[in-house]
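J.: Before I ask anything, here is the structure I am working with.
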C-alpha cells in the first residue's frame, strides 16, 4: 500500500476504534443511569418498578411531615391531588422543602409501597416548579375533569 | 423618566445594529470604502446606546424606582447597595441586558483594534457581530424588556432579590461567565468572515487566536467562580453537579478549548482550516444553546429562570437562524478553503488532532447526557433524568486519556517528531509518576482510580517541567535569558496545563479523602470527624439588614488545640419568606472544614452537616491557573502587530 494511504488508514482505524469504545461506554452508562419519573398516581397504580432507582414527586401534604425523635429520619406524603404516597428519607432536607411545596425525590420503591429516598430536591426559586411535578399535577387535574372512569385507560 | 430613556436608547441601538449588520457587507460586495469605514463608528454608537440603557436600569435599581416592574420584582429598599446593583442581573430580563452590554463590549474592543486587521476584513467581522447584536437586542426588546412600568399602582416596596443571589459570588459570576460565553461570538464572527471573504489563511488564525484565548480565560474564571459559589452557598458542599445549566457553560468551554488548539495548528501549519471554522461556529452555537436551556425552562435544573415558552421559542429561532445560516454558508464555501492534510503520526499536528477528537467527543457526551431527558420526553417515552454517575463514568476515562496526551503534545515537533525525543522523557516520567503515585496510594490507602489519576497528575507536572527545562537549557545563553525569550504563549500553555493537573489533584482527593457526615446535634454535643473534634457551643439569634438569622457556634479541635471557630447560619429572609443556609468554612490549602445547619428538629437539636474536605481549594486554584494561562496567551506580543495586507 502507498505509505500515505497506509498512514491515513491507520488514522481512520484508530478513530473508529476510539469512537466505538466511546459509544459503547455511553450506551452502557446511559442505561445504568436513567431515572424515570413517576407521579403518585402512576405509583398507586403499580406502574413503578421495585429495586430500581427512579424519581417521584408531587406536592408535600400539609401536616404529613413526621420526624424521628432520635435520628435524622423523616417521612412525609406527597400528592398530585389524585393519589398520594409516603416518602422516607434519612438526612437533611433542602431549605426550600416545606409543606405545600413541590418536590422531587430520587430513590427506590420498597415492597410495602413506601418510597425510600436517597435524595430530595426542592428548587431555588419559589415560583419555579419542576416540570415533572407540574406536569403530573396537570395530568391528575385533567383526569378529574374527564371523570375517574378514564383512569383505566391511562 | 430614566426607564423611558433606557427603553428608547435600546430601540435606537437596535436600529444602529441593523445598519451595522447591513452597510459594511454592502460595502464589501460593492467595494465601497465609505460603507466599509462606517462599521467602526456604527459599532461605537450602538454600544454607547446599550450602555446608556444599562445605566438607566442601574439607576432605577439604585434609586428604588419600584414603578419599574423588573425592579419591583427583584429589589427591595432594605437591600444593601451593592446587591441593589447586582440585582440588575438577578433575573432573566436584566441578565439579558447585561449579556447584550457585554456583547457590545466585545464589539467595541474589536472595533478599536480594527487597524490590526486588513481593510476589508475588520468591517465584515463587525457586521457579523452586528447581526448577532440584532438577534439579542430584538430578543430583549420584543420578549423581555426590563423597562416595563407598573403604573399607576406603584408598590410601596419591592419583592426582594432571591436570597441565594445575595452573595459576592453572584455579583461577579454572571458577568464573567457572560464575558466568556459572548466572547466566543468574536471567534464566530471571524469564522463567518473567513467564509464570506474566502480569506482563510495563517494570518486569519493569528487574528482569531487572542480573542478566543481571552474569552476562554473569562469562561474558565466564570465556571470556576460558579463552582466555588455552589460549594459554599448551596449549603451541601458539592462543587459540581452535572446540572443542565452547569453543562450549558461547560460545553462551550470544552469546544472552546478544542478551538484554541486547532487555531494553533491552523496558524502554524495552515492545516485543519475548515475544521477550525466549523469548531468556531460550533463553540458559539453551544453558547447559544446554553442560553436557550437556561432561559426556556425546558430542562429541570437548580438554576432555571422562571419558564416562559415564548422566550424559549425566540431563542430557538435565533439559534436556528444564526447556526443554520452559518452552517449553510459553511456548506457552500468550505470546499474553497479545504487544505490537503498530510499528517505524520508523531508530529505535533497529530497530537493536537487527538486533542480535538477527544474534546469533541467529551462535548458530545455531555451534550447527549444533557439533552437526553428532552429527547426522551419529546418522543413520549416518559420523564427521565440522567444521573451524575452517567457523566462521571463516561467523562472520567476520556478526560484522563486526554490529559495523558496533553502532557506529551508540547514535547513533540511540528510535522514529525524523532521517536527518541518522545520515548526517553515519557519512559522516565511514566516510571517516576507511577512510582510516586503508588507510594501515595499505599500510604493513604486510596483506591485504583485514585492511583491512576494521581499518576496522571505527576505525569503532567514532570513532563511540563522537563519540557520547559529542555527548552531553556538548550543553547549557550544561560537559563534566565532563554527563559525570558520563550513566548508568553508558551508560558500560557504551561500554566493552563499545570492548572489542569492542580484541578485534577483537587477532584481526586476531595472524592477519595474527604469525610462527610450528617448529624443530629444539640448545643453541648461533640462530633469526631477525620481527626477533628467539632463542638457545638451555642445558638444565637442575629438580625441582619433584611433577614433574621439563627447563628450557630462550633469550635473545631485537633489534638486538643483549637483550630477554628465556625459560625454557620440559617437565615430567614422576611420579604420573600425564604430560608437560606450560610455554611461556615475554615479554608485551607490541604483541607476545608465545612459546617452547615440543616433544619431545627426540636427545641434544641439541629440537623448539621460537618465535612472535612481534602484539597478542595485545588479545584479552583487550577481554574485560576488556567485562566491566567489563557490571558497570558491572549497577550502574546505576536498578536499585536498591525496588518500588513
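Glycine residues also receive a Cβ, built from the backbone N, Cα and C atoms like all the rest.
Look at TrEMBL and you will find B:6-29, B:41-62, B:96-114, B:121-142, B:178-198, B:210-230, B:275-294, B:353-375, B:387-409, B:448-469, B:490-512, B:615-635 (among others) tagged as transmembrane segment. The domain 'Cytochrome c assembly protein' feature in TrEMBL is assigned to B:89-296. The feature domain 'Cytochrome c-type biogenesis protein CcmF C-terminal' is assigned by TrEMBL to B:316-637.
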J.: Quick one: do the transmembrane segment (B:96-114) and the transmembrane segment (B:615-635) have at least 3 Cβ pairs under 8 Å, skipping pairs fewer than 6 apart in sequence?
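T.: Since fewer than 3 Cβ pairs under 8 Å link them, the transmembrane segment (B:96-114) and the transmembrane segment (B:615-635) do not come into contact.
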J.: Could you tell me the mean pLDDT over the domain 'Cytochrome c assembly protein' (B:89-296), as a whole number?
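T.: Averaged over the domain 'Cytochrome c assembly protein' (B:89-296), per-residue pLDDT gives 90.
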J.: Who are the chain neighbours of the transmembrane segment (B:121-142) in space, where the CB to CB distance is under 8 Å and they lie at least 6 residues beyond its ends?
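T.: Here the qualifying positions are 10-11, 13-14, 17-25, 27-28, 36-40, 42-43, 46, 50, 93, 96-97, 99-100, 103-104, 106-107, 110-111, 114-115, 185-186, 188-190, 192-193, 196-197, 199, 207, 311, 314-315, 318, 321-322, 643.
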J.: Where else in the chain does the transmembrane segment (B:6-29) make close Cβ contacts, counting only residues six or more beyond its ends and a cut-off under 8 Å?
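T.: 35-39, 42-43, 45-47, 49-50, 52-57, 60, 104, 120, 123-124, 126-131, 133-134, 137-138, 140-141, 145-147, 196-197.
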J.: Can at least 3 Cβ pairs under 8 A be found between the transmembrane segment (B:353-375) and the transmembrane segment (B:275-294), with each pair 6 or more apart in sequence?
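T.: Result for the transmembrane segment (B:353-375) with the transmembrane segment (B:275-294) is yes.
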J.: State the non-local partners of the transmembrane segment (B:210-230) in its own chain: residues 6+ outside its ends, Cβ under 8 Å from one of its Cβ atoms.
T.: 106, 110, 167, 169-170, 172-174, 176-184, 186-187, 190, 238-241, 246, 249-250, 252-253, 256-257, 259-260, 263, 280, 492, 619-620, 623-624, 626-631, 633-636, 639
J.: Same chain, outside the transmembrane segment (B:490-512) by at least 6, Cβ under 8 Å from its Cβ: which residues?
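T.: Those are 213, 239, 403, 406-407, 410, 446-447, 449-450, 453-454, 456-457, 460-461, 464, 467-468, 471, 613-634, 636, in sequence order.
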